[in-house]
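Below is one structure, written out as structure tokens, with a few remarks after it.
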Amino acid sequence: MREPNAIDFWRGVALVTIFVNHIPGNFFERYTFSQYGISDAAELFVFLAGWSIGLATRGRDGKPEPRLTTVLRLLSRTIEVYRAQIVIMSLALAMIAGCALYLDNPLILEWHNAGGFFGDPIQTMVGIVLLTHQLGFFNILPLYVVLIAIAPLVVLVGRLSRALLLALSLSLYGASLVFEWNFPSWPGEGDWFFNPLCWQLLLVLGFLANETSRESPRLRSLARRLTPLGIALVALGFVLAVLELRPDPMLVPEPRLVFTFDKTYLSPGRLIHFCGVVLAFQAVYGLIAPRVMPLARFLSGLGRNSLAVFSMGSLLSLAAQFVRFQTGGGIFVDISVVGSGLFALGFTAWFVEWRARKPRAPRTPPDGAAPRSASPPA
Amino acid sequence: MPARAETLPAAPAPTMSAPAQTAEALDQSLSPECRVPGSKLYTLAKLKAVKAALKEKRPVRVLSIGSSSAGLGAASSYPVKLENALESALPDVQIDVEARSLPGEVASGAGERLRTIVAEVEPDLVVWQVGTNDALARVDIDSFAEALDESVKWVMSHDIDIVLIDPVFTASLAEDDYYNRMVRTVQEVARREAVPLVHRYAAMRYLSTRSTDEAHMLGRRFRLNDLGLRCMAEHATRAITLSLLQSDPAKPEADPDRTGTATRPATGRESSDAVPRGN
């Protein structure tokens, strides 16, 4: 098991933030950092995923592992993430249906895009497996599946030339913004909530940030010196968010996605703000971790087991939504659901590591698919 | 739109067992299982952008937004039904319905997403089925009202028409004070901004009182939900076509039925003015 570290810690922060923000209307929602900036926890999550891919595809000595191993490792991770998405979608739909039946309340069937499944299960079932039908709040993992699936390409091109990787990634991002390219939804019209063609840039940036900071002390000290710029960007984002100032998508010039704060296309405004967040907070972990060790240990534990924690968090936040709906909400309910949810997330992380640790029965053949707690997550 | 099945007896609701003069007639232009008195169906207001499109004889672009608006690719889906119903109500007009789901709550940021979608589709008319997600999240009603009002104003400020559809009726929430306030809030915003409103809640509550042979394997409430979805497209179409008949100088709220009655059965006219709109 890895010691608590900055990457796992911030990943844990992103997971907790996503969990709280996925219980809309709850008391704690207004105290997450997402409310006080232009970018939010989703950016953090994807950036750190890119960073960890860099870690995971190198040996302990920092040497790049063989290419085939990288491809197979990331392929296996893609399957894991896809499997997680299919499982949580099935459970979520069953929870929605079960809740509607138990409460005798068909309104619940219209929950965030679930109506499509219950109205037209034949086509929608296909769409779920293809990841083209997504429920509200269950749209991050489809993005993640695509990103991890293309990650072997990112890593291999990155080993060839970092400049080439960045150029390719930026071109795809820019073209998608200008021509409004996105993955389609099906059945039903519209596009993916998280556009992989744009969000890949953040994965690549995370990967490149890790690669270059590992080797170039000059870049590391440059990043340090840019901390004030980061703080200025964060402050600007804070003011814009609090005053609810943002561009009107009908009034901005074409190509309008370049100028709006659009989440689907990761508009430049969000990206710049997020880069500011990274610069502003790059040294924070080192400063606070020794003072809040139990918290750092808890959040790092979540971050180490991000897929399991994210999956459980998605289901727990859905359950919390139903509890809030049926009880009418209120501060007491919010404290209970968020508190027990955080406890359950902590338990999930602990349980995953316990399962990986526990000695196997001697006759069982080694299970290659089981997650190894020693290997960093991709 | 020719009135179908004129001879079919308008089954009075148990709560409206008064003689025919006082009971409002059902809107005969709707299919039998969706028939509801006009006052339970809609509040009318002007639709300038759609009218302009009709005048210029160009296709009318409609953006349908809401929980039942996407994810349905089948021919029987609500957006397809809306398109068909609008095309048969407005012959010789080409109607293009684009449908999008709107994840998230109006009170916390879905309005932002709405703006992006509207900017992308650039419709003449937005038909917005609103309130379900917010009601499920039990958001603060005042912030919902404020955010909805702001979104409606924003759409109108770009010379795009908007029709609101209030949330679904479900018997399990009939006594739920919060939910009823939610429905009322949608109505208030529609009234304040003078936009047409489809009374989905009132229409379904009315339909729920009528006996029927139709069953649903999951029971009455689920049958009603199923029926409600089917009828919503017809009800929205009715509100839109009648709103189009609103004459320009008329103040929307002052005389909502002035020209609207032209296409409605004469019996509906007097009483519908007397029936209070909304709840």
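Including glycine, each Cβ sits where the backbone N, Cα and C put it.
Segment annotation: TrEMBL labels transmembrane segment over residues A:302-323 (candidates A:16-37, A:302-323). Check TrEMBL against the ranges A:59-78, A:359-378 and you find region 'Disordered' recorded for A:359-378. Sequence-distant contacts of the transmembrane segment (A:302-323) (same chain, six or more residues past either end, CB-CB distance under 8 Å): 1-2, 7-16, 18-19, 22-24, 26, 45, 48, 80-81, 84, 87-88, 91-92, 95-96, 99, 108, 111, 137-138, 140-141, 333, 337-338, 341, 344-346, 348-349, 352-353, 373, 377.
If you look at the transmembrane segment (A:193-210) against the transmembrane segment (A:271-290), you find at least three C-beta pairs under 8 angstroms, all six or more positions apart, and that counts as contact. For the transmembrane segment (A:81-103), same-chain residues at least 6 beyond its ends with a Cβ under 8 Å from one of its own Cβ atoms are 109, 111, 114, 117-118, 128-129, 131, 135, 138, 141-142, 144-145, 148, 307-308, 310-311, 314-315, 318-319, 322, 326.
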